[in-house]
Amino acid sequence: MKCIVGLGNIGKRFELTRHNIGFEVVDYILEKNNFSLDKQKFKGAYTIERMNGDKVLFIEPMTMMNLSGEAVAPIMDYYNVNPEDLIVLYDDLDLEQGQVRLRQKGSAGGHNGMKSIIKMLGTDQFKRIRIGVGRPTNGMTVPDYVLQRFSNDEMVTMEKVIEHAGRAIEKFVETSRFDHVMNEFNGEVK
């Protein structure tokens, strides 16, 4: 069973913020397929659905971002999901808006939600889709920036990015060939 995790912070005030882009992609896939996060356990909202005949576990941690691993690891453990079947979607300050990077494995790169997942799983050997949100300008702090909502102009780009990342997930579920998905979906979304 594949496991798709979108990272974000819970609560209305965090909706459509840069830090919640992982939630937005998972929500896009769920809505497109008429699925919903119908279970809550282990500090997470999740569902198990069938896509292309395969079971897929979708998770949105109901912790704050920095504790995401406290939701992801127990749910994966409960359903016997191996880290190699995990893909985590999250915001990345080091990529410009409109950039998407798929990777087989790697460090947290300073992202506290990823640090928590790596710590709780005891490995960084899992797939991830990094979604560029750019860096703050005009002296804004990083926390203020990532917790800020996208402007209307930015949302035009980010809606394309959300759809693009959603298609990458669907392609991976369909083919199980993350190397091919990386070749097709890495880069700037036009």
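Any Cβ shown, glycine's included, is placed from N, Cα and C.
Just so it is clear, the model here is predicted, and its values are computed rather than measured.
The C-beta environment of HIS19 (active site, proton acceptor), restricted to residues of the same chain at least 6 apart in sequence and closer than 8 Å, consists of LEU7, GLY8, ASN9, MET65, ASP91, VAL146, LEU147. Annotation comment: Swiss-Prot describes HIS19 as active site, proton acceptor.
Following the DSSP three-state reduction, the secondary structure of MET64 (tRNA binding site) is coil. The annotation tRNA binding site is assigned in Swiss-Prot to PHE14, MET64, ASN66, ASN112 on the grounds of sequence analysis.
Annotation comment: Swiss-Prot describes ASN9 as site 'Discriminates between blocked and unblocked aminoacyl-tRNA', evidence class sequence analysis.
Residues annotated as site 'Stabilizes the basic form of H active site to accept a proton' in Swiss-Prot, with sequence analysis given as evidence: ASP91. For ASP91 (site 'Stabilizes the basic form of H active site to accept a proton'), other Cβ atoms within 10 Å of its Cβ number 23. When secondary structure is read from DSSP and collapsed to three states, ASP91 (site 'Stabilizes the basic form of H active site to accept a proton') falls in the strand class.
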Residues lining the tRNA site besides PHE14, MET64, ASN66, ASN112 (CB within 8 A of their CB center) are ASN9, HIS19, THR63, MET65, LEU67, SER68, GLY113
Given a separation of at least six residues and a C-beta threshold under 8 Å, show me what packs close to MET64 (tRNA binding site) in the same chain.
ASN9, ILE10
